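TrEMBL lists 27-32, 135-136, 192-198, 217-221, 286-289, A343 with the feature GTP binding site. TrEMBL lists S31, T198 with the feature Mg(2+) binding site. The region 'Disordered' annotation in TrEMBL covers 1-30.
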Amino acid sequence: MPCDLSRAQRQSESGGLEVKGEEGAGESGKSTIVKQMKIIHEDGYSEDECKQYRAVVYSNTIQSIMAIIKAMANLKIDYEDSARADDARQLFALSAAAEEQGILPDDLSRVIQRLWSDGGVQSCFTRAREYQLNDSAAYGDPEVSRRRFISAAYTKRMKESSNVCVPPPRSYLNDLERIAKSDYIPTQQDVLRTRVKTTGIVETHFTFKDLHFKMFDVGGQRSERKKWIHCFEGVTAIIFCVAMSAYDLVLAEDEEMNRMHESMKLFDSICNNKWFTETSIILFLNKKDLFEEKIAHSPLTICFPEYSGPNKYEEAQAYIQTKFEDLNKKKDTKEIYTHFTCATDTKNVQFVFDAVTDVIIKNNLKDCGLF
């Protein structure tokens, strides 16, 4: 997330500061951070605005279950109940019209619920790192998730598999009964978890601690990055988001490239760019909740073969932090401000952003010779 402040803009008539932005690779949580700014600093989403996200929730739900069903064939996973094969055919027959109309009809909802409760589908879900699946695929009541999670036979088979990676027990799929109701209105948390690929640049304005923030959420996919540069002249700070939980995943646009490696490559190019010599670099190691749940089941050596520490949260997160901070080629003059974040946790984001703002204020006081 770039935070921009040209020298001419540093002191407004009110004594405030003008700040910009947000960067990172695709699906790192940049857009979610921007949504949190609206919730924290602009009284959140109105009921009408939440209603506008209903079609996105439905689309994310449909796309998630379709991704799982398609992966079952590739991974050669059978349905626990053979009758689910008919449901899968019905899913693909009904989904296009439902997405086009932005609805989740009863017949499609029932099909999805039957598929989601199948042991084979759940087994495929636990292997999400082997295909592209939206993080919000699993979101909802953890207890509901555990009760529905996989029959004993499939549990045994999963434990014996070397590819097991148990994702977090949260899902629109776990919440189908709620979101399929005719009077459903997405909650603030539902809105936070929606996934829409950012294309171009989305601008958000808000005021905090006498600073006027202009945050620019830029598309993280490779095809979007060429659109960034015109935002960056006079940038005050860049908030760079990394999805820690993506250490065992590949890019959607390049299945030969590990997502964490791509983030490191991008961070290197931003951190050491000659245009950002005076720019504060704030590193958000995001999705710490998903990372903590995943690391016990999917080794960090998938991304970093040289890693010899335990697959435990504290040690693994510290290693990732070191890998990114070591990319800084000017450690004697440039500091990286690292924070571990969960972009969907409003309190966590509020706490971290408060600290980020203090860094921005301190660094601008230095520029003015007042610190």
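Backbone N, Cα and C atoms are what each Cβ position is placed from, and that goes for glycine too.
For the recorded site, N286 (GTP binding site), the DSSP three-state label reads strand. Each of the binding-site residues S31, N286 was ranked by the number of other C-beta atoms within 10 Å, and first place falls to N286. The number of other Cβ atoms within 10 Å of the Cβ belonging to A343 (GTP binding site), over all protein chains shown, comes to 27.
Secondary structure from DSSP puts L192 (GTP binding site) in a helix. Classification of A343 (GTP binding site) by DSSP places it in coil, neither helical nor stranded. DSSP assigns S31 (GTP binding site) to a helix.
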